[in-house]
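Report on the structure given below.
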Amino acid sequence: MLEFLSQQKPKILIIGDFMVDNYTWCDCSRISPEAPVLVAKTLKEDKRLGGAANVYANLKSLGADVFALGVVGDDKSGKFLQENLKGEFLIQKGRKTPFKNRIMAHNQQVLRLDEEDISEILLENELIALFDEKIKDFKAVVLSDYAKGILTPKVCKAVIKKAKALNIPVLVDPKGSDFSKYSGATLLTPNKKEALEALKFENLEGENLEKGIKKLKEDFSLRYSIITLSEAGIALFNEGLKIAPAKALEVYDVTGAGDSVIAVLAFCLANEIEIFKACELANEAAAVVVSKIGSVSVSFDEIRSFKSMSFEKKIKNKEELLTLLKQNDKKIVFTNGCFDIVHFGHIKYLEKAKRLGDVLIVGLNSDASVKRLKGESRPVNSEFQRACMLAAFYFVDFVVIFDEDTPLELISFLKPDILVKGADYKDKLVVGSNLISRVELIDFEEGFSTSKIIEKIKDKK
């Protein structure tokens, strides 16, 4: 599929809130004598395409022939967008084009300064007329809504009605709690928070996810209903609920991930790719984007490289792992074991452990450690083979091998937020529990154990 898509150049039109993302990179190494605040020394500035313009950049990077339609102010940011995007922009005098200045220090965002006008545009009729004039030449339309006043109910309804009459798919990245202005679109891509606000649900856990995503499809007459679930992937409701699991290995910055998702979906639908396959590809694109800093675009070459990346990269030593963990403010879950012959019970256990936090680390006993604990005939599989099997599961973020009989030293070194063990430790002391504030015991699936599997194999011989 990637080979086919990388050779296509579909014409895609984008309407929405085109913005400028500015990054001011600073060095913050001292406190001001005037007040208890950081002193930031500017090192460099980096101006990028943001909002709908970032969707444009993603589509262009994928190889699409992209055209932008929008309204900007008569200011520097509006001029920057006109100079860097192919399209047509109506100029509304006195309007501030959205400009977001992110102050960055040591790869962390410490402050954001916004300049914008979020009132509804005065040029609705002119924008609709411009769309009507251009639309017939395109294979897909994207509405990128950041609630900055461009995509008014009148504009959205007119665009969707016209595109639908021409059988052109309309994909919407929505904003706000009222999705009625998007009724009749091909699909929406709300994240979990946006979906909850629109549905007035308390949560989207368990059965609520299927109820909610189906309700969105029915209430707003969508062809497909989608909810992006961050680290859990993308939920799709067509004839039933399906979830495309997330693919990210390391997350540095989620800025622009949603833009990449809708760009890939639009590119795929413009080329008549089956929707679930499109969602899987969108997940892979998002994984590439969140591994970078800032609003960035993604290409098919990067996705291809990501897909070919070996899961062996998830196997780290403790020093490498600590460095990675320090770069992210994530809830760390730790569990450990021999995992000699991985079975269904292990899979369910690790899947449940992952749900407790953001990053799941599995401490794996080395071959020497297993031999001391289990006897000379073990392990059946080498430590590298066992580590690779664990790393192949999407819900395992990292595997670290330790040589000691217990993971105490490793737990002390990594300092995870949550320590997880099986429910059989209910009346036992969990190693490392004195170092960690939260310990969770998870029930095992009955009837599954490595020892039983080994005995069963021996009996058959």
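Placed from the backbone N, Cα and C atoms, the Cβ positions cover glycine too.
Computed from a predicted structure; not experimentally measured.
Quick look at what Swiss-Prot lists:
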| type | residues | note |
| --- | --- | --- |
| ACT_SITE | D259 | active site |
| BINDING | N191, K192, K193, E194 | ATP binding site |
| REGION | 1-312 | region 'Ribokinase' |
| REGION | 334-461 | region 'Cytidylyltransferase' |
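Known features from Swiss-Prot, placed on the structure.
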residue: N191; record: ATP binding site; Cβ neighbours (10 Å): 17
residue: K192; record: ATP binding site; Cβ neighbours (10 Å): 17
residue: K193; record: ATP binding site; Cβ neighbours (10 Å): 10
residue: E194; record: ATP binding site; Cβ neighbours (10 Å): 20
residue: D259; record: active site; Cβ neighbours (10 Å): 31
For the recorded ATP site formed by N191, K192, K193, E194, name the remaining residues of the chain with Cβ within 8 Å of the site's Cβ center, in chain order.
P190, A195, L196, E197, I227, T228
Please report how many Å separate the Cα atom of D259 (active site) from that of N191 (ATP binding site), as a whole number.
12
Where does N191 (ATP binding site) sit in DSSP terms: helix, strand, or coil?
strand
Mind tallying the region 'Cytidylyltransferase' (334-461) by DSSP state, helix then strand then coil?
49 helix, 26 strand, 53 coil
DSSP says D259 (active site), in three-state terms, is helix
Averaged pLDDT, computed only over the residues in the region 'Ribokinase' (1-312)
91
